[in-house]
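Engineer: I have a structure I would like to understand better, so I am pasting it below and will then ask my questions one at a time.
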Amino acid sequence: FVWGTFLNFISTDQFDNLEKHTQWGIDFVEKYTKFVKERSEIELNYARQIRNLSKKYQPKKKEEDDNKYTWCRAFHSTLNELNDYAGQHELIAENMMSQIIAELTRYTQEIKTERKAHFHDGRKAQQQVEASWKQLEACKRKFERDCKEADRAQQYFEKLDADINVTKADVEKARQQAQMRHQMASDSKNEYSSYLQKFNQEQNEHYYTIIPNIFQKIQVMEEKRIERMGESLKTFAEVDRQILPIIGKCLDGITQVAESIEPKNDSSQVIESYKSGFEPPGDVEFEDYGQAMKRTVSETSLSNSRSDNKADRSSKGKSKTLWPFIKKNKGSNPEDFSHLPPEQRRKKLQAKIDDINKDIQKEMDQRDALTKMKEVYIKNPQMGDPNSVDPRLAEIAQNIEKLQAEAQKFEVCVLLCTCVPDGSYTEEPSSEVQSKVQPETAESGDEFDDADEEIQPTIGTCKALYPFEGVNEGTISVAEGELLYVIEEDKGDGWTRVRRNEEEEGYVPTSYVEVFLDSNAKGAITYI
């Protein structure tokens, strides 16, 4: 079915109706584009709210210990999955913007321009037909007027010719006038006939060729618009369908972490975390306050019994405090965790000692790096002032001393926790425990001295990128492309310690070599 065959002889009003219909179709496309845009904004807002919700319930730093429980880890994993879930809804909005909204916006501009051109051609063709029709009517009226003038001239001539009183000259003049009018009527007739033929051809071409072609183009345009609407609706569904597998994986992930929850394991963790280390208290002995009544009442015995009872009560009251009735300190907790039961206190203290040891190691690494830098400055004064690092070395030495003292204090507390014999609770360290720490510290220092004298193992290899002349003490000369063994990494001072053979080793600039660390080679001493 073609619009051109149906609308061959449409009136101007029908042409206007067709123009209104196509405009309504374009308005509908713009309305649908606005609908998709609002849907994409909803997806973005939803994704933003999901992300904010996930971020809001992410564990804080003080809640990181909760990760030891499987149900806490499951919830945190759920939050992460929700974050990915939100990302998929952002993808929906992004795809709708690029695949639907942008395409329909561009297409709407194109169809508006095309529609305007088609109806402009239609209006122009209509105006041409109307102009031809007006010209035809003018020719027709002229022919009619000339015919009437010719008839009047003929009648006037015949009247004069019949009148005997009229001169022959007047009759001749009337005859010539009649002939001229007949000739004008004949010319008008020919002109009218010719233009009528021309108009009929133009009208036939207008209604059977020009207008049908225009309507055919408008029909194709309208069908493309409808087809594009169908494609957009299909894309609308596909955009959602594309993310369903990822959404399914997110939901599967939540299901898996939910199924990984282990109630017994979590309850064991609670027991391990809050295990006090106290032994259950023994039976409470009966204190017989009626013994004094059985004695002979006298001032001496009464006073003695009172003093004895006071001494007994005071000694019993000071002996020990049963662990179920230990009062917890209010306010801030002491740094030695003395407010906790022995087992929990021991764990906290050990974690504190581990943190301090890490800080000590960091300070020592900085000290070693600065010491090497100072040695390099001493051997190469042009590289820097050796005295410039002394204040920092002194500061690091003080920090190490403070940290070691702090670690020793906490080690004493750890020994206290392990030396509590029964259910009693005390916070005073014994002299025996304090005496155990000193010899251990001295022995550990000797072990470090012995370890420094051992040959360090290789931890990888390196290749010299540039030649280096190690003229200063502690450095080693290398040739470009030479392979060496690495025995110590760069600790921030710009130097790497390498070994050529058992007797040749030293420092080279880190920027002069390409280092290849090999975990398999670590601990094995190999020489070139």
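Keep in mind that glycine also has a Cβ here, set from the backbone N, Cα and C atoms.
Found this in TrEMBL, in case it helps:
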REGION    296-345  region 'Disordered'
DOMAIN    339-416  domain 'REM-1'
COILED    346-413  coiled coil
REGION    425-449  region 'Disordered'
COMPBIAS  427-438  compositional bias 'Polar residues'
DOMAIN    457-518  domain 'SH3'
Engineer: Please count the residues of the domain 'REM-1' (339-416) that DSSP assigns to helix (H, G, I), strand (E, B) and coil.
Structural biologist: 72 helix, 0 strand, 6 coil
Engineer: Over the span of the domain 'SH3' (457-518), count residues by DSSP class, listing helix, strand and coil in order.
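Structural biologist: Secondary-structure breakdown of the domain 'SH3' (457-518): 3 helix, 29 strand, 30 coil.
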Engineer: Take the coiled coil (346-413) and average the pLDDT across it for me.
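Structural biologist: Mean pLDDT, the coiled coil (346-413): 86.
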